[in-house]
Amino acid sequence: MEEDLEKVPRLGLRHLQAALLFIGLAANTILQLNVGVTVVAMTNATSINEDTPYYNWTESEKSYILSSFYWGSTLAQFPAGYLCKRFGSKAVLLLGTLGSALLSAATPHSIYAAGWQAFCLIRLLQGLCQVTWPCIHQHLANWAPEAERTRLGAFAYTGFDCGNVLAMYAAGTIASSPLGWPGISYASSGLALCWCLLWLLLGANRASEARFIGAAEKEYIMGDLQMQLSSKKRERRRAIPWRGIFTSAPFYALLCARCADTWGLATMQAELPAYLSGVLRLEMTSNAVFSALPFLLMWAMCYVYLIVADTLLQYKCLSLTALRKTYNSIALWAPASIMLAVGFVGVEQKSLALLLVTLSVGVSSAATIGSELNTIDLSPNHAGILAGILSTFTNLVALCTPLVVGVLVTDATQRSEWQLVFSLAAVVLFAGNVIYLIWGTAVTQPWNEPTEQQQLQLHDEEEEEQKPFKAARLEIQGAAAAAGAGADEGVGLGLHCKDP
């Protein structure tokens with residue numbers, strides 16, 4: 001076995017699949033989040049191209065545009081998971097990204113024709129095409145051996161942070177160029193279409209379908225996944241403990257923590273360009289740099305937090321529950337404190353405001369270790385179900401955040417109105433972590449395992465499944481015994497004939 005593992009390439013097609021997922025997630029994140037910069041550019045004369053049209057939309061209309069993507073994505077999560085299992089992650093992710101890219105390319109002409117209402121419709125349809133997360137989960141399950149799953153998964157998921165940075169920086173740079181704000185839609189579409197071509201040529205649902213994979217790597221991946229097959233069959237038979245989940249205090253604590261973190265992050269993702277432009281009066285190019293900087297720090301801090309967490313667990317400095325709560329406190333309470341301070345910093349203290357905003361977003365990446373992975377702690381057997389429930393609620397939160405900001409902020413240049421936005425976010429972040437500290441845990445819950453009655457039922461089902469195989473085995477053994485008896489009889493007869 002060790003000799004076979006030595007033949008497996010250190011960098012193989014499984015790593016190429018993870019790289020494709022990284023780029024695909026980055027491209028989809030850009031399609032999702034570039035709207036914050038786009039709306040600012042569309043309502044301010046930022047381009048040097050005088051032919052670029054601009055619009056005088058109200059803050060309420062802007063909030064509808066910013067939230068409309070999540071109207072669709074909230075509805076898409078559960079169907080996307082089913083479609084991945086039914087048709088494979090390659091086809092579903094390809095069609096979803098292709099649809100979103102084509103809609104992005106159609107955005108400028110749709111707005112020319114029908115204004116902000118068309119923009120909302122385009123964004124809603126793009127949200128329905130947002131099938132990235134279920135597809136990535138399914139694709140990694142098909143490609144990543146258990147020993148490499150954390151490494152390959154972590155690499156693929158950081159495509160989201162990369163997309164965050166590019167959505168802010170590249171979009172602002174394009175908006176201030178001769179292309180103007182329409183160029184943001186065209187460039188985002190072009191990147192996604194290029195990825196679709198790569199995915200079509202190099203992507204494969206599983207190792208057995210890949211064209212360019214070596215025999216050793218194929219056997220390594222398929223052999224590892226085959227070993228997990230029997231346990232997965234048992235998992236599929238397990239009844240989902242809905243009552244246990246929805247009466248579980250630790251699960252509700254996790255739900256509050258994830259919704260609070262989403263509120264804070266969604267506020268910054270959607271509204272940061274508007275705040276930098278309105279209150280700090282930054283030009284579009286500077287706006288792009290300082291909008292991207294917090295998410296660049298967030299991306300870098302992911303790896304710092306991961307190294308520190310591994311060290312703390314390795315030397316048993318903290319229990320897993322204590323580690324989760326410590327990291328989540330950093331991720332929620334640090335931004336909450338900073339957001340309260342940001343509301344009181346004016347344009348005359350621009351450097352301090354930019355520093356605080358950058359730190360507020362940068363430190364929040366601790367939430368990945370603090371609460372995002374807690375579903376696996378609470379119920380390894382039903383982590384996918386928990387993640388689906390959480391994803392639905394967090395998408396609803398991301399939908400509501402811009403609408404609330406649209407009500408609170410009627411004039412983007414008024415710092416007092418942004419004080420309300422940041423203060424509300426701080427309260428939500430603080431309360432969410434308090435609940436998590438009191439009721440959250442990393443201990444596996446009793447409802448993770450089936451009850452004694454369910455275990456007996458599973459055993460009976462397995463016995464029922466094995467009956468045809470046992471019957472076939474008995475028939476083979478019976479036929480073999482009969483053949484053996486016939487041979488013995490023939491031998492006996494032959495000896496008798498030779499007997500004088």
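The count begins at 1 with the first shown residue.
Glycine is no exception: its Cβ is also placed from the backbone N, Cα and C atoms.
Small disclaimer: the values here were computed from a predicted structure and weren't measured.
These come from TrEMBL:
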- 20-43: transmembrane segment (TRANSMEM)
- 91-108: transmembrane segment (TRANSMEM)
- 154-172: transmembrane segment (TRANSMEM)
- 184-202: transmembrane segment (TRANSMEM)
- 288-307: transmembrane segment (TRANSMEM)
- 327-345: transmembrane segment (TRANSMEM)
- 352-371: transmembrane segment (TRANSMEM)
- 383-408: transmembrane segment (TRANSMEM)
- 420-439: transmembrane segment (TRANSMEM)
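Remote same-chain partners of the transmembrane segment (327-345), defined as residues 6 or more beyond its termini with a Cβ less than 8 Å from a stretch Cβ, comprise 257, 260-261, 264, 305, 309, 352-353, 356-357, 359-361, 363-367, 369-371, 415, 418-423, 425-427, 429-430, 432-433, 436-437, 440. The list of residues near the transmembrane segment (288-307) in space but at least 6 beyond its ends in sequence, with Cβ under 8 angstroms from a Cβ of it, reads 36-37, 154, 158, 161-162, 164-166, 168-173, 175-176, 268, 272-273, 276, 282, 327, 354, 357-366, 368-369.
Taking residue pairs at least 6 apart in sequence, the transmembrane segment (20-43) and the transmembrane segment (154-172) share three or more C-beta contacts under 8 angstroms. Below 8 angstroms of C-beta separation, residues 24, 27-28, 31, 80, 83-84, 119, 122, 125-126, 129-132, 134-136, 139, 181-182, 185-186, 188-189, 192-193, 195-196, 199-200, 203 of the same chain, each at least six residues beyond the ends of the transmembrane segment (91-108), sit close to that stretch.
When Cβ-Cβ distances below 8 Å are used as the criterion, the transmembrane segment (420-439) is approached by residues 249-250, 252-254, 256-257, 259-261, 263-264, 267, 271, 325, 328-329, 332-333, 335-337, 339-340, 342-343, 371, 404-405, 408-409 of the same chain, each at least six residues removed from its ends.
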